[in-house]
Protein chains: 2
Amino acid sequence: MFTHEYFMKMALQEAETALEKDEVPIGCVIVSNDRVIARAHNLTETLNDVTAHAEMQAITSAANFLGGKYLQNCTLYVTVEPCVMCSGALSWSQISKVVIGARDEQRGFINKNLTMHPKTEIITGIMENECSAIVKAFFKSKR
Amino acid sequence: MFTHEYFMKMALQEAETALEKDEVPIGCVIVSNDRVIARAHNLTETLNDVTAHAEMQAITSAANFLGGKYLQNCTLYVTVEPCVMCSGALSWSQISKVVIGARDEQRGFINKNLTMHPKTEIITGIMENECSAIVKAFFKSKR
């Protein structure tokens with residue numbers, strides 16, 4: 001039951017909530033022991049804050065929930081590959097696993113040759129088409 | 001009067017405030033038209049939050065002050081070279097200038113071959129010794 005797709009669907013629901021607010025539709029959840037302990041979507045426009053990416057909010061929220069700043073034994077599901085800022089934050093958090101929907105060749109951390117914490121496992125391509133389609137449709141509507 | 005040293009001293013005062021809280025002593029200020037519009041120091045331990053670096057807080061605070069998320073015509077003075085996370089956030093902010101005290105060869109963004117926004121000017125080595133000394137003394141006391 002608790003497959004990668006199961007949790008990525010929840011992250012996609014967060015992306016859809018972002019879309020309703022006219023935000024770049026990216027969402028994520030953080031899972032610990034098969035339980036969602038944080039969920040967030042991009043709020044950079046609403047909050048007028050470039051740091052308000054989904055992942056940044058979820059990291060803060062999960063740490064609050066756990067009562068400690070390290071996210072060991074946690075998995076992040078995020079609809080789009082984290083940017084430099086978010087990959088840096090995830091590195092500091094020592095999160096165990098990062099599961100990515102769609103790649104972001106331009107802004108994502110992978111093509112910048114950045115690595116996360118040595119303990120962090122990275123998985124890409126879960127529900128890639130759905131995660132990519134919502135962002136592409138958003139930017140197309142803005143042109 | 002409004003030299004780089006003038007504002008870096010204010011950033012150092014923030015670092016000293018961090019030190020009093022037993023935080024890694026790094027501080028910063030953001031300046032717009034010779035006026036300090038944000039000041040912050042590292043609070044990762046106090047807030048149990050890996051994202052609570054001085055720069056991240058100052059970016060959010062300055063955007064709040066300005067009423068917009070872009071920090072064009074702003075200068076960040078920071079006592080230690082920003083990490084990957086903070087350099088990513090500064091890139092998104094399109095800040096005009098980043099003035100750095102001490103380098104951080106290991107954790108800083110420069111040796112990761114990361115660049116900020118093309119419009120961002122980067123200056124290093126302002127009050128380098130003072131900015132470096134406070135951090136070195138902190139880590140020595142922890143050993």
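Note: Cβ is positioned from N, Cα and C throughout, glycine not excepted.
Per TrEMBL, these features apply:
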type     : residues            : note
ACT_SITE : A:E55               : active site, proton donor
BINDING  : A:H53, A:C83, A:C86 : Zn(2+) binding site
DOMAIN   : A:2-112             : domain 'CMP/dCMP-type deaminase'
Lowest local Cβ density (other Cβ within 10 Å) among binding-site residues: A:C83, A:C86: A:C83
Other C-beta atoms that fall within 10 angstroms of the C-beta of A:E55 (active site, proton donor): 28
Cross-chain proximity of recorded positions to B (CB under 8 Å), evaluated over A:E55, A:C83, A:C86: A:C83, A:C86
Residues satisfying Cβ distance under 8 Å from A:H53 (Zn(2+) binding site), sequence separation of at least 6: A:I26, A:N42, A:T44, A:P82, A:C83, A:M85, A:C86
Helix, strand and coil totals (DSSP H, G, I; E, B; other) for the domain 'CMP/dCMP-type deaminase' (A:2-112): 43 helix, 28 strand, 40 coil
